[in-house]
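Trainee: Feature table excerpt (Swiss-Prot):
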type: REGION; residues: 1-50; note: region 'Disordered'
type: COMPBIAS; residues: 35-50; note: compositional bias 'Basic and acidic residues'
type: DOMAIN; residues: 60-310; note: domain 'Protein kinase'
type: BINDING; residues: Leu66, Gly67, Arg68, Gly69, Ala70, Phe71, Gly72, Ser73, Val74, Lys89; note: ATP binding site
type: ACT_SITE; residues: Asp182; note: active site, proton acceptor
type: REGION; residues: 342-380; note: region 'Disordered'
type: REGION; residues: 446-497; note: region 'Disordered'
type: COMPBIAS; residues: 477-489; note: compositional bias 'Polar residues'
type: REGION; residues: 1211-1295; note: region 'Disordered'
type: COMPBIAS; residues: 1220-1249; note: compositional bias 'Polar residues'
Amino acid sequence: MVSRSNEGPEAPHPASRTPGAPAKGRLTRLGSSPSKRDDKAKDDRMGKTSAKDVAELKDYQLGDCLGRGAFGSVYRALNWNTGETVAVKQIKLADLPKSELRVIMLEIDLLKNLDHPNIVKYQGFVKSAETLNIILEYCENGSLHSIAKNFGRFPETLVGVYMSQVLHGLLYLHDQGVIHRDIKGANILTTKEGLVKLADFGVASRTTGLSESSVVGTPYWMAPEVIELSGATTASDIWSLGCTVIELLEGKPPYYNLQPMPALFRIVNDDHPPLPQGASPAVKDFLMQCFQKDPNLRVSARKLLKHPWIVNARRSDSVVPKKSTEYEEAVKSVQEWNEALRSPESNALRRGTRNENQNPPSLRLDTRHTPTKVTLPSPVSRIVADKFSSPSSGEEDNWDDDFATAISPSALQLPHLRPHDNFGGMLSSEKLKAFASLDGTVLKSDESFEESDDPFKGSLLAGEHDPLKTIRPPPSQQANSGTSQSQNGPYGAHMRRGPPLNTAITPVYGGQMLQNSSSPIRQQRPPLFYKENSVEDYSDLISANEDVLDRKISAFQESDEHKDLADTGRSREVIRYQSSYEQEDTPRIGRQISVKRYRGTVEIQQFAENEHDEDFSDILGVDGVTLDKAESDDGSNKSTLMLNTKLSNNSWLGDLDDEDDPFALLEEGLDETDLEANIARDKHARLRSQVEGLVGSLKTSQDEEVLGDISEQLLAVFCDFPETKNIIISAHGMLPILEILDLCRRRDITLCLLKIVNAIIYDDYEIQENLCFVGGIPIINEFAAKKYPREIRLEAAAFVQQMYQTSTLTLQMFVSAGGLNVLVEFLEDDYEDERDLVLVGVNGIWSVFELQGSTPKNDFCRILSRSSVLDPLSLVLSRVLDEEGELAEVVEGRIANIFFIFSQAENHVKEMVSERTVLHRVLKELKRMTPAHQITMLKFIKNLSMLSTTLDSLQNSNAIDVLTDLLRSTIKRPHFREVSNQILNTIYNMCRLNKSRQEDAALNGIVPLLQKIVKTERPLKEFALPILCDMAHSGKVGRRELWRNKGLAFYISLLSDPYWQVTALDAIFIWLQEETAKVEEHLLENRYDQPSFTDAIVRCLTLSKANAFENILEPLQKLLRLSPPIASTLARPDLFSRLGQKLHHSKAAVRLNLLRIISSICDSSEQQGGLLASYGLLDSIRELEHDPAILVRDMAGKLIQSSERNDSYGLCKLKPNVRRGSTSATSPGLLANQSAPVTPQLSRQNQSKGYYDSRETQRRPRSAISGSALALRPGSRDGPTPGIVGGANGSAGASRNRIARGVSNRLSHIELLPNDDDRIPSSITRRSSVLPRRRRLTQFEAERGS
């Protein structure tokens, strides 16, 4: 970085330079280096040329062009005094409003005082006859935009580093009350040390942006509130910062694929710009903070510096980063990042493999302790166990061993079923108690269970990530597999309930088996051991001989009590053995498992049956008859159980004699032989035989004559006997019919067969689906073409109707077979001749959208839009509106709904359906539609207007004219609110940011309608006011309509609305800028029928709340700077009191704007700086001289200097009439030589008469103020400034005197500039009357000082 120089451009010429040296030679010397030649060659390729010498830049030599913008170019330059390389931004004066030039020069003087490592230093300015040259610090490595253009996209880490520095610079600017307004990659410059600097702040906001509502500059980075002309704030810079992040990450800003106007439209309409797909969650969160739509909710730069992404990127809490990223490292990281983006996916695959190695799956963890030789009953059990196993964190637990002696295989298999309880008595209370007692549970106290903080509790339970896990697979053992399998295998004839008492108990710990040396090793049971067999075999419980079964049951009943005691004893011994071992390491595991077993036992016993309670005598009878067991395998025979009923004679309990007679209940009397029934059965059999024969004769090999006879006979039989439908289906007649339809060309055969098909499938979705599956849809759809007769097409339409209204499946198959094209073809028929076909098409398309299937409606819209379906549909709408009746209204509603669905589809569909002919036809028929359907169609138009690419089609179809007329005609109808809601939204979308459409709406009379809506309809006010306020930004035609409808007075009345006062004041300022003289005159008028502009401004500033007060200061200070006469009317105590209360606002931007407003009022007043003392603001402004914000400090100091200068000269004590007297002493020669007023020369007597006439009036008329203010004010953009308005008595002399006084007042503000004649050359265009007046005043001041 080159060192900064504090020397201004007014430094003396260097002695080594030859004043008359040609510019070309100097350029040659500057361009001798290789880098300079390369830059020069690049500039030549880009069409850039070096700047011409500017005579006023006497201390600088311009070099090559670094870049071009909308308002000027930036050149590299060399300071001849210091050798420092600087950047010079040349702005053409012709591109600047004259009212802004002086403000820009004043602001540069303020911005020179700003100094921060992350902002570009302003060094001054030099004004020439054609350009304004702003001298800036030079950053040698260019912008981030150029780096991204040369090297590709930035990685997130580097963007975070750069954004950290940008936020530091932005925070400094915001603390100083400066809004950047144009943050983007091209305005973020870099140095070789990796330091980034914000450029083009302050002055950039004056020279770029929206000029007369046209897009100039960089719209892709603009915040929504800036586009909507609501005023830029510090939050607007945060939005632009988010767009810059996307620009660096993606290489392009948001919406870069769109033209500027559509991009602006999308920025305002979308919730937020599209986020980069590959961005990390932290970056996406950062962007969402930046893209808050409401600027009041948007985060500040100070808070963004604390965002995790920025903190992680910088890892520093200091205000200025201590060590910056080197430029070469930054470029290298960008190159490596883009190479990684372009590389194949092998790296990603390698990374994935490495992650798998770091986190091995659970299968490896389970098999790590498994020996190589394992004997299992079945390989399926191991696969299942491994598949659903969970990873073990430390030691492997095996619940199977915990239940080794508790649960026998027989306990896990269901016992046999018995008829009376469906469980065969094997799950009675005693049997359940016996099974429950086998788990070896010992009753433990609750205190032992409730000892928490068990580190192994989670290992005993299934993990949350593996909900299917229940019992882990046991570690295998190298043991005598044959022995253990013979003892415990699942294939034994009888599964033992538990091991004998002398069997060693072998618990599991840490995946290793602890063996008893005196006992044989027992192999662990696989999970399949406890799996219930799908084929139920209960041969161990049920014997072929019932005597054996009875003995077993009696034995079970006798030994139940002893078994329970024995099992309990064994379970206690098991628990004691396990507890004695586990006390060393994990004493809580056994207790926890035992308590869980105990709780399971209690729960099972709650639901156990009691055989003593099994008394069904109330159902089976009091005799206690016992049922014999069925001999079947399943043991369940529903017919063996009969309820006890009152009809005992027919009951099986009372009538044992008929038990062996299976036909006892069928002893009904048979009727005598019915002759008629026999004839009917015989006729039906012959009919069936006939139909089957006809169906069998339907072959493609038959002659067409024969096929014609067969089809006619079949149709006749089917019409006479509809029940033959099932016969045709059972005879597989559908396929032969389809084959003949596909090949036959005789239309009579086709018609007969189509009628048969429609009759068969009518209202039978199963047959329809079968027909679809065998390919019937495309065959029958073929007959819907226009080449076939009307009768055949009607049958095809009937088939189509069945397809789209029966089921979702048939609809999907109909669409997949090209059915939508058939519907569109029906729509294209003539409504008069083929009304039925057209209505089938309308109802078909409506049914397609109404059926709730899996296919999105957008897909249907896209398919139909390819066929331009809305064109014939709009024609049908016109014909339907000509009819009356319920059917016509239903069809009208369905057509409106179809249009509305198309407007909700994707943008591509909207563009395809927005044809001028369709829109024109729809808009034409709007008035004839019923109110409900009219609102639906207006929603269709509104949705189309939300897409920028459809606005031209809407304009070409006279949408604004039709909608304005419809709004006018429905203003007194009950549905006006709903209609106006849609219309105002549409007109707002169309007129926003487009002058031609704004003028079109104004010419169609939208302005008085909107004004009426604002006064009467409160909810609709929010839709009408944006359109009205935008009218001030339109051209001459729109403003002419505003003048005709008192638009300026309407804007003034809006200043009392806290929600719209900022927008209204901005509209007044824009209007004043366009038509300065006329608007100023009306603003200065005092009328009895409306409040004055001055009173409205004072009331607005006095009553406005916090946010509204901050936002209104920016347009107000612009307006006062543009019109000093208006500013002079605001020198009021109540206004200064309110400004004094806000001078110590927390935001530097508010304090700075307040000081600017006070400065504008003081400059326009006769008392100048004396107003500060008069209204008690002097002390408050003195305190601001020590403000932390540099610009506030500097502005306050200049105001204090103005006040002190005014006091020293005593101007505040001079009366206004004394000053007028001195003005009248100007010699006639000087007056004759003045060239400011273009008025005829009058005699001295007329001048004197005018002077005395004006002197008699203590307050000059406002019209005279307005006229005098025009002398040195820039003309409006509509044309040259009108002539000077004369005084009240029509004399020009009084006007001329007021001109001189206005000039003196305005010249006093020049003193705020540095008193350097070199800084502002004499080439500044001023009227000749200014210089004599200024010299005379200076002499008068010198005399007073002496």
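Cβ coordinates are placed from backbone N, Cα and C, and glycine is handled just like the others.
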Trainee: Please work out the number of neighbouring Cβ atoms within 10 Å of the Cβ of Val74 (ATP binding site), leaving out its own Cβ.
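Mentor: Taking every protein chain into account, the count is 20.
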Trainee: Where Val74 (ATP binding site) and the residue listed as 'active site, proton acceptor' are concerned, what is their Cα separation in Å, rounded?
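Mentor: The residue listed as 'active site, proton acceptor' has its Cα 16 Å from the Cα of Val74 (ATP binding site).
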Trainee: State the mean pLDDT for the domain 'Protein kinase' (60-310).
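Mentor: Reported value for the domain 'Protein kinase' (60-310) is a mean pLDDT of 87.
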Trainee: Round to a whole number and give the Cα-to-Cα distance in Å for the pair Gly72 (ATP binding site) and Asp182 (active site, proton acceptor).
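Mentor: Checking the Cα atoms of Gly72 (ATP binding site) and Asp182 (active site, proton acceptor) gives a distance of 15 Å.
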Trainee: What three-state secondary structure does DSSP assign to Arg68 (ATP binding site)?
Mentor: strand
Trainee: Determine the Cβ neighbour count for Gly72 (ATP binding site): the number of other Cβ atoms within 10 Å of its Cβ.
Mentor: 21
Trainee: Would you please pick out, from the recorded positions Leu66, Arg68, Asp182, the one with the fewest other Cβ atoms within 10 Å of its Cβ?
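Mentor: Taking Leu66, Arg68, Asp182 as the recorded positions, the minimal 10 Å Cβ count falls on Arg68.
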Trainee: Measuring Cα to Cα, tell me the gap between Leu66 (ATP binding site) and the residue listed as 'active site, proton acceptor' in whole angstrom.
Mentor: 18
Trainee: Taking only the Cα atoms, work out how far Arg68 (ATP binding site) lies from the residue listed as 'active site, proton acceptor', in Å, as a whole number.
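Mentor: Here the two Cα atoms are 15 Å apart.
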